[in-house]
Amino acid sequence: MATTKSRRRRLRFGGGEVETLGDGIARVKGIKNVQAGEIVIFQDGTRGLALNLEENNVGVVLLGTSYRLSQGSKVFCTAEIARVPVGEDLLGRVVNPLGKPIDGQADYRSAGMSEKRLLLRRIESSAPGIVVRRSVEQPMQTGVIAIDSMIPVGRGQRELIIGDRQTGKTSIALDAIINQVGSKVICVYVAVGQRAYTVGQIKEALETTGALAQTVIVAACANESAALQYISPYVGATVAEHFMYEGCDTLVIYDDLSKQAQAYREISLILRRPPGREAYPGDVFYLHSRLLERAAKLGAAAGGGSMTALPIVETQAGDVSAYIPTNVISITDGQIFLSKDLFNAGVRPAIDVGLSVSRVGSAAQIKALKQVAGKLKLELAQFAELQAFSKFASELDNVTKFRLDRGMRLREMLKQPRTAPIPVEEQIAIIYAGTNGYLDDLSLDQVGPYLKDYRERVRQASTSDKRPYIDTVRTTKVLDDGLQRLLAETAQEVLKNYVRK
Ligand code: ATP
Ligand code: MG
């Protein structure tokens, strides 16, 4: 129950009472000096967030549901802006946006864990200033070959994952988390308005791959109030921010911001704020900009930590020019566009390379990957162009046919199952084989098995002067002549086992 301190505060700030109540919103009169964003407590212990400060009353959204409140119920101020517990004890846990564990395991407070490992932190805080930041310089590898090679993400970057429903958005985000196993990157996955079952599956996927131990899941499922869905991304950012200021690299996923915008629209309409385009309130841009601005790469003086944000936005029928998609596209440093057509054609992950872009990440890409990725991008661009045009032609000249064949094999090469991220050293070897023509003599369905064998060989391969491929690339980050020769020899060697059907 209430501590003496907060009781004293309540006395100082006085209480008010509920005037009207409905749809998760209470209008409260008589609470003087309440601040915007302050937590208020109802007489039955339910918490609320003061959002609309008006002349005669205050509009409060309920954080949670209560059936014991009525007109005239007492309301107390707390003089506290909403805060949540952050710290190491959250790792491996699923919490709701109020910081309570919802994974059925012991509450970290009652489990007698050290107090020091959990701190309270405000869910709304201002983004790091310009002076303490530095530009993106380290890669945040996702393990998805098409992304790391052509749309690279750097630590501290904000990269949007956008696409229709069921196009593999969540899968890409999960791959990015799973790929951090073995590194010190702390991951936060925020689930907004998803089914509890889906969140359970996500937890399971992270658990089986060993990524859960360094991940915090913040979940406001579809049955939670709009208010909790609205605050959950800020809570996720707060959890990550704590680690960032401690000097850690963090990765935070907001899945997805369209649902958060809808929850915010719901609250705003019930609070009778004026609706604007698509009935969203006027400050819906600020809703997302103040969240994504909190992602940063800090300079050494500020601890050198970083927060990489991968927000997800759902489109309707691929329409990226709708209100929320254009807003978030303009706030982020690039987008990964997932196409329904590609997904249905069996290209998975269904990344549309032509519409995807990363505006800052290539500065952080490792040199060896840069060496091979340029050619890949070019060949795929040529392929996309020729493919559109060759639909009309009955006979193709040899060069066109060659480009189309090569493109189809490269596309096959970029296919990747979910939850199976590929280490960057192997990505480089794969792209080297693809762009140097070692896949050209294979039939399309041989490409997958061939690459599997090839990867296995590459993992064991060493140059003539006894330098193992994987370790050398990992330490030098360059693909020198010796290593290129080694890849060429290995690719050719494996090719012997595959005769074109
Ligand atoms: P929603 O809009 O429902 O959130 P989403 O865009 O997040 O969907 P996912 O849930 O990630 O999409 O994936 C949709 C389906 O596609 C899932 O059944 C998943 O197993 C499948 N899928 C995703 N990525 C791949 C892949 N690389 N290879 C094969 N199947 C995949
Ligand atoms: Mg999803």
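The first residue you see is number 1, and the count goes up from there.
Each Cβ is built from the backbone N, Cα and C atoms, and glycine gets one as well.
If you check TrEMBL, you get these features:
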{"type": "BINDING", "residues": "Gly163, Asp164, Arg165, Gln166, Thr167, Gly168, Lys169, Thr170", "note": "ATP binding site"}
{"type": "DOMAIN", "residues": "18-78", "note": "domain 'ATPase F1/V1/A1 complex alpha/beta subunit N-terminal'"}
{"type": "DOMAIN", "residues": "143-358", "note": "domain 'ATPase F1/V1/A1 complex alpha/beta subunit nucleotide-binding'"}
{"type": "DOMAIN", "residues": "365-493", "note": "domain 'ATP synthase alpha subunit C-terminal'"}
{"type": "SITE", "residues": "Ser356", "note": "site 'Required for activity'"}
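Projection of TrEMBL feature records onto the structure.
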residue	record	CB count, 10 Å
Gly163	ATP binding site	27
Asp164	ATP binding site	18
Arg165	ATP binding site	11
Gln166	ATP binding site	12
Thr167	ATP binding site	27
Gly168	ATP binding site	20
Lys169	ATP binding site	26
Thr170	ATP binding site	22
Ser356	site 'Required for activity'	21
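Listed in sequence order, the binding-site residues among Gly163, Arg165, Lys169 whose CB lies under 6 angstroms from an atom of ligand 2 come out as Lys169. Filtering Asp164, Arg165, Ser356 by Cβ distance to ligand 1 (under 6 A) retains the following recorded positions: Arg165.
Apart from Gly163, Asp164, Arg165, Gln166, Thr167, Gly168, Lys169, Thr170, the residues listed for ATP, the same chain places the Cβ atoms of Glu314, Leu338, Lys340, Phe343, Ala350 within 8 Å of the centroid of those Cβ atoms. Counting residues per DSSP class in helix, strand and coil order gives 0 helix, 33 strand, 28 coil for the domain 'ATPase F1/V1/A1 complex alpha/beta subunit N-terminal' (18-78). Helix, strand and coil counts under DSSP for the domain 'ATP synthase alpha subunit C-terminal' (365-493) come to 91 helix, 2 strand, 36 coil. Put simply, Ser356 (site 'Required for activity') is 11 Å from Gly163 (ATP binding site) when counted between their Cα atoms. In the three-state DSSP scheme, Gly163 (ATP binding site) falls into the strand class.
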